[in-house]
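Structure, as structure tokens:
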Amino acid sequence: MATDSWALAVDEQEAAVKSMSNLQIKEEKVKPDTNGVIKTNATPEKTDEEEKEDRAAQSLLNKLIRSNLVDNTNQVEVLQRDPNSPLYSVKSFEELRLKPQLLQGVYAMGFNRPSKIQENALPMMLAEPPQNLIAQSQSGTGKTAAFVLAMLSRVEPAERYPQCLCLSPTYELALQTGKVIEQMGKFHPELKLAYAVRGNKLERGQKISEHIVIGTPGTVLDWCSKLKFIDPKKIKVFVLDEADVMIATQGHQDQSIRIQRMLPRNCQMLLFSATFEDSVWKFAQKVVPDPNIIKLKREEETLDTIKQYYVLCNSRDEKFQALCNIYGAITIAQAMIFCHTRKTASWLAAELSKEGHQVALLSGEMVVEQRAAVIERFREGKEKVLVTTNVCARGIDVEQVSVVINFDLPVDKDGNPDNETYLHRIGRTGRFGKRGLAVNMVDSKHSMNILNRIQEHFNKKIERLDTDDLDEIEKIAN
């Protein structure tokens, strides 16, 4: 496999991990029927806020479903610890002066050159003396392989004790990182890797001889302090991956800070996060002293290419009839329909299936592998309608999605408009430079108020659509 895309190849390697049998979000089993509708045994009424996906599962889902490199045209912003020092970037791996075995491992994985963000990040991560780094890197930019390369570069194989420590929010994400280490380090057979995760039992008093330890914060903290399997004073590189996921998990933030405080002052600290909201930034500053900072400026999602409409209804059945009228009047390549609860989504998927539509259902009670399979089938066009809750409002790029329907408008836990979710939902259409269409179902004074506030927030007019008038529906498709 030869490719110019370092990050794409990394992600293909990561997505190739098959040992995902433990990725249960809930114990409940969900199976698609012959029509592609996924029917659940129990559909408890859950609010959108409760349905918002656990970040760790979402991160893992992104790794499994991504078949293309995230658009890498965005600008990289570099803030150096010492603004007077020269800013180095590289266009080839040879410039990094890697150990021959590591360079061989990089090429064996199919990489020809660094991606845009690594051009700046790798020289900092491999510099002497070591430099600390905080990097914003969304899923798909190849950051896992970048920090793996940094760890492997620092290890002295002859020293039989842990020298690099990597924290991941979950066992499954730690496993993804471990696979990349094994692949990149395969020409370094003397390099050893250990997983500090719950269930990995060691004898009390035992010392670990592996060079790199990957694990979850709670277990790593136990291994460093209570059980003393690891001598934290000998750690050279400390990586904190998925920081935004980490701080969303109760206890992980405090545990990570406690681990960091045990490390020597000259330990290299590397922190990665997909987002840089205030809570993540405060956390990063606590664990990474005197950092260089790299931010990948993200393309703003826009509503400019999306025509927005609303339909007035009095009940759930009227909303369904309006939906049927839209389908009867215009040709829809593929559509995504968002619901407020799992119960509504399950009902709607079944009703659409009865009408002869090829329907798939996606919700948070499914295991991650099932979700990835449903999304892939939708991407391939095997189902034309995807009914979902907020579980996949982000990150799914399907070129054929021409219509997004908000069967229920997105609100937060206090009943206020969730403008960000609205943007991400209808942003699934109008992509790749094409015109998109968004239809919002309004069934009460409250939801009309929500719609008006969304309209004011984005300063974009949302037109009324009469779905009883077929001529009017036909016009919106032009």
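Including glycine, each Cβ sits where the backbone N, Cα and C put it.
Values in this document were obtained by computation on a predicted structure and should not be read as measured data.
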>> In Swiss-Prot, one of 241-244, 265-268, 313-316, 377-380 is tagged motif 'DEAD box'. Which stretch would that be?
In response: 241-244
>> motif 'Q motif' per Swiss-Prot: which of the ranges 4-32, 91-119, 207-235 is that?
In response: 91-119
>> Under a three-state reading of DSSP, tell me whether G142 (ATP binding site) is helix, strand or coil.
In response: coil
>> Please compute the mean pLDDT of the model over the motif 'DEAD box' (241-244).
In response: 90
